[in-house]
Amino acid sequence: MMAMKLIATLVLLISIGESHTKTLLEKLQDDPDLSQFADLLERDGAAKSALDYRSATIFAPTNQAFQRYPDMKANIQYHITNTPNKLESLKSVIITDMDGNPPIYISRKRSPHGEEIYVNNAMILKSRSNVELKNKYGKRQVLHVIDDILVPLTTNQGSNEIYNPDALQFLTNANIFNIGSHRVRSFHQRVVYSKRESLFQADGYHTFFIPVEEGFKPPPRPELIDKKVIDGHVIPNHVIFTSSATLDHPFETEAFEDNLKVTATFFTQNDGKSAKTYVKSNTVIGDAKHTAGVVLAEVVLGNIPVKNGVVHLIHRPLMVVDTTVAKFLEEKEDGPLFKFYEVIMDVGGEFMQAINNMKEVTLFAPSNEAWNRPEVRNILANKQKMREILNLHLVSDRYSAEKIRSNNNQIIQIPTNVDKKFLYFNVLNNGDNKTITVEGGGVNATIIQSDIAATNGFVHIIDHVLGVPYTSVLEKLQTDPMLNDTLWLGTRNRFNEQLNGTTARYTYFVPSNRAWKSLDNEIPSTYKKLFMPEFSYHANSILERHLIVSNRVYTMSDLKNMSIATDTLILQTVRDQLKIRISEHDRRYSITWNNKKINVFRSDVICTNGIIHVIDHPFIEEKDVIIPLNGATKNVYQLPSLITSVLLIASTYFLI
């Protein structure tokens, strides 16, 4: 009897539990991180009614998302669709419940952590999503949690409502939409003048870049916006929001055809405090009216959803090359190079004057973030030093990234605006990606944005300030592929360990990889032995001849001045005395050692604890790599024959 009562009680409890299965709204209300969205939904009669009676998918922003926009009134119905869709069944375009039924866009992006899924500009938090429940009528409902609020395009209060506008309707009526103070009248006029309205009302789903009014100065610029330039502002068949954008990936624009090829690429730049989003057009193949090269534009208001895709407002037109290098630096006070420009102005106007006086210019400009390094900040007050550092970034000639890549084996040194200072380049191949590094004043930097086109040259944005060292002598060897062979030799007998020291100053004559190759061509047996493990002692001894340890460093200029008063300059190295003569010709140094002229390929590579001079031949002779045997000097390769002779004599003795 007791067992029967117990079973009846359990059945009753189960039935009560089933009858009180949570609804989706109750699920939202019980989650403390979704309480703001739940409160807004409950107060929205139409949205609540939709949940009560039919199927739905809800994209619910977290409380943290609402806190980022305290003054925003979220449109709840724009977060609701009328079909239940789990993550795996989300289509790329989904119609919402908002008036006019504007769409939301789903995109998927690969990341190191797996696939990321976005709805418009919000990322779906997959671990908290795919929650499936049923309402009291048994209708399936799915909850996905997102990290941002979905913001539809709406009109200003008091304006006539335009429901679900396409890009052309947005462009035509931009003044009545909620886009702040931005206006796009000039671009709209050029679209109409060029008869390209159809491009902005095209079926399908696309990405549109629309420059704001401020970007149409100076006055000649509007006339440069022709049909092809307008086409270069549209990426067809891709809806790209900034959060889900594949950065640094070039997308073909409508201006990508046989005789003109223009791509558009999203990228971000961090100034140490915040990240800004930019788009760049790259006219890969230009023509008489459209200059090849890159034009940058900041996204001043992005992620505006329209019926046929997404609109991004940008600060200036793409593709239009109508400013000099100097004007590019001055153009935007909070642009990608504003800290570089601030330093230029702080040091004095001579640098800008130097740029303006050059007929052709290539500027390697450090990014905003590059100026935040402590070693850079520590030197900013030294205006004389900063003038030299600035001029180290300036070349009086045109060098595009393609020119650097294609001539990497031929271009040895590019002279800068500093006397006897050069830039050196290396191209790193990683599949289709070819990264360019540049060295100046001992500092290696990577070009992170190349080929920004100007009327008189190019600007390349780099990730470090040249001429301000941040690596030790050892770290420099470890990061410069041109010095790999010397680095490898120094790993034996622990020679390299001292090069990280901080109590002394090192002057190191470092043979390049090509220097060791030249030794291989001249004395192959010596080269071969030197790189054999059993000759590590000799390798160590040879490297000691190249290293001076002192309380100061010796620049090539110092050494040349020291050699003026004497025919032979004697330097005390770790091994012995190095007797050399220094010559200078055509801004380049050479060293004469043992009657052999050795060119200094890169001089004055400054490090935090010393200086490196890269030379094109090591200080070595054939007799340096030998070992003594029984009081006589024998080449190690005589050992096998010697051993053979000994064995032959011994065998003869025993036979007798």
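Cβ from N, Cα, C; glycine included.
Sequence annotations record features per position, and here TrEMBL assigns signal peptide to 1-19. Feature annotation from TrEMBL assigns domain 'FAS1' to 21-150, 164-318, 322-466, 470-619.
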Legend entry - Tally of residues which DSSP labels helix, strand or coil - the domain 'FAS1' (21-150): 44 helix, 41 strand, 45 coil
Legend entry - Segment-level pLDDT (mean, integer) for the domain 'FAS1' (21-150): 93
Inset, instruction - Over the span of the domain 'FAS1' (470-619), count residues by DSSP class, listing helix, strand and coil in order. - result: 65 helix, 48 strand, 37 coil
Legend entry - the domain 'FAS1' (322-466), counted residue by residue under DSSP: helix, strand, coil: 48 helix, 45 strand, 52 coil
